[in-house]
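Features as listed in TrEMBL:
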REGION    37-68  region 'Disordered'
TRANSMEM  105-125  transmembrane segment
DOMAIN    107-593  domain 'K+ potassium transporter integral membrane'
TRANSMEM  145-168  transmembrane segment
TRANSMEM  233-255  transmembrane segment
TRANSMEM  275-294  transmembrane segment
TRANSMEM  301-322  transmembrane segment
TRANSMEM  348-367  transmembrane segment
TRANSMEM  379-399  transmembrane segment
TRANSMEM  419-438  transmembrane segment
TRANSMEM  475-495  transmembrane segment
TRANSMEM  501-523  transmembrane segment
TRANSMEM  530-551  transmembrane segment
TRANSMEM  557-574  transmembrane segment
DOMAIN    608-852  domain 'K+ potassium transporter C-terminal'
Amino acid sequence: MVEMGSEREKNIENNGGLTAIDSIEYRWVFQDEYDSDMDSGDHGTADGDEGSTPRNELELDSDDDDDNAMRKLIRTGPRIDSFDALELPGAQRNDFDDVSAGRKILLAFQTLGVVFGDVGTSPLYTFSVMFSKAPVNGNEDVLGALSLVLYTLILISLVKYVLIVLWANDDGEGGTFALYSLLCRHAKVNLLPNQLASDARVSGFRLKVPSPELERSLKIKERLEASLTLKKLLLMLVLAGTAMVIADGVVTPAMSVMSAVGGLRVGVSGVKQDQVVMISVAFLVILFSVQKYGTSKMGHFVGPALFMWFCSLGGIGVYNLIKYDSSVWKAFNPVHIYYYFKRNSTKAWYSLGGCILCATGSEAMFADLCYFSVRSVQLTFVFLVLPCLLLGYLGQAAYLMENHADTTQAFFSSVPSGVFWPIFLIANVAALIASRAMTNATFSCIKQSTALGCFPRLKIIHTSRKFMGQIYIPVMNWFLLALSLVMVCSISSIYEIGNAYGIAELGVMMMTTILVTIVMLLIWQINIIIVLSFVVILLGLELIFFSSVLWSVGDGSWIILAFAVVLFFIMYIWNYGSKLKYETEVKQKMSMDLLRELGPNLGTIRAPGIGLLYNELAKGIPAIFGHFLTTLPAVHSMIIFVCIKYIPVPVVPQNERFLFRRVCPRGYHIFRCIARYGYKDVRKENQQAFEQLLIESLEKFIRRDAQERSLESDGNDESDSEEEHAFSRVLVAPNGSVYSLGVPLLSDFKDTGKAVVEESISEELKPGPSLESLLSDAEQSFEKELSFLRKAKESGVVYLLGHGNIRARKSSWFIKKLFINYFYAFLRKNCRREIANLSVPHSHLMQVGMTYMV
């Protein structure tokens, strides 16, 4: 029986590997899957006889790989199963989808303090860094540099990020890993093989059904899923982009604070660079110390402060335009860029590393998107941020047209003397706020990468009860502070820090461009001409900028590049080790035949109580369970395998959190529970709340399972053995919603039952047991199992933790031994454990270790 069930699951997975998801009235499937469905519908049976698979069992999870053969996409009639048919009112959408116009204006104002701090402070240092590499020799140089800045700001910040990239968000989440999560939902490109068919039924997936007219997206999807090399390359691009974001979180505070404090040398002639460095160090310590208070607690202050900064920036620009030289408006003519390169040649190319600094903070706009809506960010940038930035740069250029020697502190030199100190104060506050914005983006990126298995688990503190995205990571906070202090003290020149800044920014910009291009092809399915224009123009522009900053990498900016490389290897080794560990656990999982041979007592004593065995396997019985059976003198009367699983969606609604299934025949009292979370979900359940929610969900599963059993029976007792029901085919959510895997829902059963009754009357078959007696037997069976569950709950719940470690075999390559036995082992030993979020007392913990050779 068990072998037949296993074979059926293999057939199911092979047939339903690339099923298209979620069409309200109809569904899109591939031709071979539809043919399989129709064949199953013609001669389907209940227990997997000879290649017959009931149509609605196609969602069972199996351990086999998907069949990537060529298939034709066709449209079928409506499919009735739980995930497609049920409306889930608890499904969470973007918090900012349905807001009033007044609320949007308020959100737009609040975005100033969170999203635009970094890009708003770029006028402090852009011209200074540019002219340090290409000194001003005439007004044409000022106009050429200004033209470069204006068009860089328009093309990268406005066109690329505000008008295009912001729309590539993952249900309101932005950043490199949000793009990767979006791609993982639409194509099976995740290297960790823990995906289940049921994951795609979470309401947060909401996939766009591929259009039959655009077969390009289907071909790209199949190519990505079939090629392991492309999957690894995609992951490496994502990890490289993430490493650059974290490196950006180091250099942004150093650059912003140093530039703002450097204004002292303009206001007070006796101030030296060493004093600027010491004051910057003090500001950085204060900045990272208040980071734990979160965005919501600081938002009432930073919004008005940034508003004052942008107004001051625009006001100073208008003043300088009127007082000095209004002819700088000619810089909007791009021909001045040509003249600039013609006059300065190689020096002009060097200055591109300073020019890109005007667009710093563009990636932070995308990464910090989780705090606000796309519309609020766009409105604020177009109608306030961009005009003030343009006026600020135009005003500085107007001043420099008559003061060629003041390029070392171009911004503060252009400030009118009467308002210098107020502007200096506002500039320093804005610099601190800009640093916080990038630090918040770094925290969000780390949380996303941790949830998707690409970063060691760290302690994450949620600083707001209202908004899930506002987090604080203590370890990374102090780590970023230490590295920022090292950079400020070792590289005291803002010109060298500016080059490091350009490396970090351009690295993540290029990764974002590539990922958004894939999103355009695979998900948006837009015209290929538009896609090519996007990638050729913007990626080509960023590569030119990147070549400039790399040429000056020996000036000290190599530190940030080395830091990004170290981060990349940490994330890659963690992902590589986690993948090897999971694959090994899948290969060494226990056989169902072995459990059947052991019998309901599992070859040992079943002590009263519930054992929650935590493991990472989403399918199968973990080998660590066999280790428990051979190590412990007794096991609990009820065993629940709990798998905490992150899926590539921002949020999993609470009523879709748990999925249950029987692992063995009913007498064994062994269940599987998959607790699903999105990468944005807050995991703050305490031990008692988690246990209560899990037990309530299990009770509803048992109740529904009993109902399905009674309805499945046709009165032939000889065919209704307990072994035939070895595998439950029902998934139940905490709200009582039932996800049928093998038998119809109650609504579907009515029509079937009616047909059976009519046939019985017409053929005058001899009557079997009445429906009332069947329901009575089912009720008794249900009450008995429910009583068993309650008694086990009263006896106590114990958390069984299996610590699976991996070691490289002696015959393995030296590099593999180094990565697994030392680097990965060190990371795993020092990272935070999954169970830490539940705060389980030590008296309720039982731990067993096991080592796998890989």
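Placed from the backbone N, Cα and C atoms, the Cβ positions cover glycine too.
Fair warning: this is a prediction, and the values are worked out from it, not measured in the lab.
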Message: Let me check one thing: do the transmembrane segment (145-168) and the transmembrane segment (475-495) come into contact, meaning three or more Cβ pairs under 8 Å with sequence separation of at least 6?
response: no
Note: vs the transmembrane segment (475-495), the recorded stretch with the largest number of Cβ pairs under 8 Å from 275-294, 379-399, 419-438 is 275-294
* **Interface check, the transmembrane segment (530-551) with the transmembrane segment (301-322), three or more C-beta pairs under 8 A** => no
Ranked by Cβ pairs within a distance under 8 Å of the transmembrane segment (419-438), the first of 233-255, 301-322, 348-367, 379-399, 501-523 is 301-322
Best-packed against the transmembrane segment (275-294), counting Cβ pairs under 8 Å over 233-255, 301-322, 348-367, 379-399, is stretch 233-255
Query - Proximity of the transmembrane segment (379-399) to the transmembrane segment (233-255), 3+ C-beta pairs under 8 angstroms - result: no
One stretch in 233-255, 301-322, 348-367 has more Cβ pairs under 8 Å to the transmembrane segment (501-523) than the rest, namely 233-255
Within the same chain, the residues 6 or more beyond the ends of the transmembrane segment (348-367) and with Cβ under 8 Å of it are 115-123, 125-134, 144-145, 148-149, 152-153, 156-157, 160-162, 165-166, 169, 174-176, 245, 248, 252, 340-341, 377, 381, 389, 393, 434, 437-438, 441, 444-445, 495, 498-499, 501-502, 505-506, 508-509, 512, 544-545, 548-549, 551-552
Across the domain 'K+ potassium transporter C-terminal' (608-852), the model's average pLDDT, rounded to a whole number, is 72
